[in-house]
Structure formats: C-alpha cells, structure tokens
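Trainee: From TrEMBL, here are the annotated features:
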- 1-113: domain 'Bacteriophage P22 tailspike N-terminal' (DOMAIN)
- 145-216: domain 'Rhamnogalacturonase A/B/Epimerase-like pectate lyase' (DOMAIN)
Amino acid sequence: MTDITANVVVSMPSQLFTMARSFKAVANGKIYIGKIDTDPVNPENQIQVYVENEDGSHVPVSQPIIINAAGYPVYNGQIAKFVTVQGHSMAVYDAYGSQQFYFPNVLKYDPDQLENRLSGHDGAKFIGYGESNVYDTLRKTPQYYGAKVDGVNDDTDALQAAINTLDVNIPPGTYLFSTLAIPDGCVINGSGYTQTTLKQISGTNSTAVIANANNFEITNLGIDCNYFTSAWNAATGVLGNTSGNGLEVQGFGFTIDILLNNVPGIGAWFKDPGAENSASRIALYDISIVGRDFGQEGIIIQGPNDGILRKAWIGRAGILPRPLAESSVATSTVYPGSEVDGIVIDGANIEIGDVHTYAAWSGTAFRTRNTVRLTEGGRVIAESSRAQINISANTYGSAFFDIRSLSLLHPNWTGDIPYYTLPNASFDGATIAASAGFSCRITCKRTITQPARVVGSTAVVVTNDAQVEMNFSNSTAPAGDAEAGRLYSGIGLYSSSSVGGMLKVSGKNCNGELVYLDGAGQTVTFNARSCTVAIRRSSKQNSMRGNNITGSVYRCDTGFVSEGTPASENISISMELLSGQTPFYGDPPDLNRSQNWNISASINNIGYSTIQRLSETLDISTPGSKDISIPHKFLYKPDFRQIQLTIDDRATPTTSTVIAWVKDVTNTDVVVGYRVDTGDSNNERANLRVNVMIQ
C-alpha cells in the first residue's frame, strides 16, 4: 500500500461517464490522466492514479482506466474510486478509440500543493488583504524587517527599512530608535497616538525624525525623544537626551498627525523649503501635533507658505530640569537671545484650527514673527505662560484668542523676576503689534492657581492700529497668593497706538483700568462693570489728536480718568454708580481745544453730567446788588467760560432793569450776581428767572 494525500476524484461530476453527444454510457471506454495542459494519452505525460479502498488506503494503478458497460470506471472488474494527488488533464475515449472529452485542467489549484505553498516562506503572497495581499502588507511593517518591539533592542534599521518601502504600517508597541529619515511620497501610519510609540534611545542627542521630502504623511503614532527620564518636575531632573529636535521638516504637501513628547530641543520645526516651482512642490500642508515637555519651542512653522494648523496642543515649552529651572530661563537656539515660545508662526500663511498652548514659562505661548497671515478657522487657547499671545507688526488676517492665567513662572521658581534677562521679557497677556490689516477677538480670564507669578501685568497691549475686540473677566486670588482674597490686579487693555485703530472692550471686575488709552486717533467702544477704573485717557502731548470714545460704566470706583488735553476728541459716556464712586477724575477739557465731552452719571439716582441746564428765581423787589447760589451737578468744577446766563421775564414785563453775571463757581454751585436798578414789588411783574447753561 502507498500512503498518499488524496485530493481529487478522477470522475465526471456524477462519476458516470457518458457520451459527448448522447446520454449513453461510454461502454468499454478508456480514461487517461496526465499533467495539466498536456495530452494524457502520451505515457510521458501521464501521472500516477490510485484506487482508494474503503479503509482509506490507496493502491497505484496503471493507465488507461477501464469504463464498464454501465459507464463507471472499474478496477479488476469492480467499480472503484480513483484519485490523484494533484490537478491534472483528462481524456475520455470510447470503445472505438474516438475522443469524447478532453479537460486540460480538471482542478485549477492543487489542494495539497496549496497547503504547502501557504506554509512556505512566501505563502502570504497567496492570501488576499484589502487591495493587496498579506505578503505585501507584512512587508510594510517593521516586524518584517526584524523589529523586536520589546523596548530593549534597537529597531532603527527595521523601522528605516520599512519606511523605505514608502508605505508603512506600524503595529502597536514601543520601538526604540535613534534617527529616522523620511523619503518623498512616504506614507507612515501607526495604530494610535499611545498604541504605537517610537522612543528615541538615550544618549542619541540628535534630531529624531528628519523629513527633507515632499508629499509624505506621518499619522496616528507617538514619538518620545527621551528628554526627561524622571518626572519633569522632580527635584533633581534626570535626562536621557540633552539635545536634538523631535521632527524637522523641509518640504511641501505633507500631512502630520502625531503625539510628540519629551523633546530636549524643538518639538517640531517646519523650515522654509523655498518657492513652489513644480507640480510636486505644492505648498499646502496639514499639521496636527499633541505634546508637551520641550527644551525649546514646541512648534516653529517657517514654511511652506500655505497650510492649516489643524490641531496643536502644546504644553511646557522651554522647560529646564530642576534645580536649574528654579533660577534660570531657557533661551532660543533658532532666535538667539530671545525667549523660548510655545508655538511660533514665522513668515507663513496659515489657517488656525484647534490650538491650545500652555506653560511656556520662558516666553510666550503663541507668537508670530515677520510677515504672517492668520486665518480664523478655530481659536488659540493660550494659558499659564509668562505671556500668552504676541502678534508681530506684519501679521494680517484674523484670529480668535482665548487667554487665561497670566504672567506665570515655573511653579518652583525661586530666582529674581527676569524682566531684564531677555530683550522681550513681557509678562502681558497678549501683545498686538499688527496694523489695520489684522483683526482679532480676545477673551481674557484672570485665574491663576500657583503663586509663582508677576503681580499687576496687563491683559492686552495694543501698539498699532489693528482692530481688537476684547472680553475681560477676573477672579479672586486664592490663599497663599500675593493678592489672596482680592481680585487679581492689572490693566485690562492698554493701547499706545498713535495711528488709530478700532477697539471694542467689555469687561467685569478689573482691578485696575479696564481701558487705558495712551495714544491717539483711536475709535473705542467699551462697557465696564465693577472695575476699579472704567477708562483712563492719557494725552501727555497736548498737540496730539484725541480719540473717539463711546462707552457705558456700571458701578466702577472711578468712571473716567483724564490725563492731558488733546487737540481734539469726542467722548460720550453714560454711567450708573453708587455712593462713594467717582464719575470723573483728572484734567477737564481745555476750552481752547476741540474737546467734545458728553458724559452723564447717575449716582444713587442723582444725575451728573457735562451738560447742565439750571434755573432759579431772582428777587427784584428791592433795588441793589445781590447774589444767588444755584447748585449744579456738573462732573467737575466748570470754567466761567462754559457758563451762559439768560433772564426770563413774565408776559407782563417788570419796570425794573436787571443785570446778571457769573460771580463765582465752586465744585457744587454757580453763584450768580445781579443788580436791580429800581425795585418792583408788583408780584405780577417782579418774578424773573435766571437760566444757567453749562457745557
């Protein structure tokens, strides 16, 4: 007996062999079995055929196989089951030697051979997977090239080999590596931000991923550059790498969506690749990066020219290990001598999506440099940094900023406040230096949970003629803070622009001036509620043109503070105040200048204003010089030249002649002097009224 693997029955589908043109048995015919696509009648082409016994054993038989009178194949006169071990050709002849059938390939695939092929070294080629096969899919993984993925062995070579195939799928796991290079057109896809982790080997001290390439994608994975091997705020920080950036890109048309953490240098640096000069150099890019703990900037975008910052959640940029972080601040390597910022847009046009940057203790959370166009597609949340927003003079477009927790230092800071250690060491919330081509909305919430901060910083500073809209709110400092139990102090919006601009401010509980105008030519609309000072206008150079101010004040300690007398201005303010609150303080308008004030205030339902109409009855019953004090509710002590007097008589005029003049003006009264030449005691005639107009 021969032991074989039987796969194929040698038979017609019904195991009954019939004639080709009639339903009759191929009586006494013959069957020949041979190699695929050959003539099986030729003995050289024939393959071994077996009879399968009832016990499953097999007996080799010779050819041809005989067909009995009933049309069934027989062996030694008995109907039998004939099998082979492979696909084959088959020819059927009748008793007269005429061919009835020829099948070049009875079975397209050899079942036993298929099993052998599947178990062979290239068996994965025969299993489909999507639009490809398992073999090609496995070739796109680092594991195919020998990656151990054990967090111990160096997987750099395996990762790079997979990347060089240009289509890489990285399964879950932690892959140790040193440096990787991304070629043109490469697509790298992980299994999730936290499922696939590329971790740089300690001591590498060089850039982790370099992409001097176009039209590539890196998505759905995490990169850890091993900066801190201890907790970032450990009393004595332990570092794995002390230098090296996380990702450097210089190219066009890329998409990045990654988790990027723990980088000793810049997190992601997108360098200017130059001009677009071919179809393969399309500038559009799409960036999504989430990460924290960077020794330098979190993200720098210097090019290409057009793209979208779809998502950027960047925290703790410019962070130094303790104890160094307690007395020193990081300085930038890309911008020598400057502070380290969270996100920098430098000379690029970019649409802003979902951006959140925090804890840039050395510098500013979000900054633009040089000529930048921002497009408001989402908002920038900036918080818990030394400064939150800084917009360059050549920035244009539009943006929405949400700033919180101003003027923070490292939570363990013990050194001096570094006002002068860096050239631009601002602690203000947002600085807007852009011109009229830029507009922004800003929401500002002073809410701080750590004591390491600078007291009294300004929420928003405007230095040019951009259009700025701000909504300000405040909160009470917690126990342990320098201002514990009080509202955080500081100006809401300060503007030094002397070239105009449009400002719209709404704020509540500002412990300082909600609006401080230290420039000229601005159009300002404001609404102040429960602030220390609603608005301060300073014109230190009296020759300067003034501002156009419209506002409302509700229960602020001081409504309007005036410093100086500009050449011209228009001010219209209405106030509702409580007892003890002051509607106006400072310099009143100069009557020789075009200062038009229309200010009104209600203090416990008593009205005060800069336009007053008063009236009082004069006693002319007897001749002589007399005076009368008429109370006024002017916001300040008026100038004599602001007062006009008129005298109203009755229908029956008096026979007496009366002359009236302003004798004195105090903070509360206008004293009118008058002289009666002859008395008139007739009550029908002697009832004159003096009218006082102050404006």
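Each Cβ is built from the backbone N, Cα and C atoms, and glycine gets one as well.
Each of the listed features needs to be described in terms of its position in the shown structure.
Mentor: On the 0 to 100 pLDDT scale, the domain 'Bacteriophage P22 tailspike N-terminal' (1-113) averages 83 in the predicted structure.
When the domain 'Rhamnogalacturonase A/B/Epimerase-like pectate lyase' (145-216) is classified with DSSP, helix, strand and coil residues number 9 helix, 22 strand, 41 coil.
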Trainee: Run through the domain 'Bacteriophage P22 tailspike N-terminal' (1-113) and tell me, per DSSP, how many residues are helix, strand and coil.
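Mentor: Reading the DSSP string over the domain 'Bacteriophage P22 tailspike N-terminal' (1-113) gives 6 helix, 39 strand, 68 coil.
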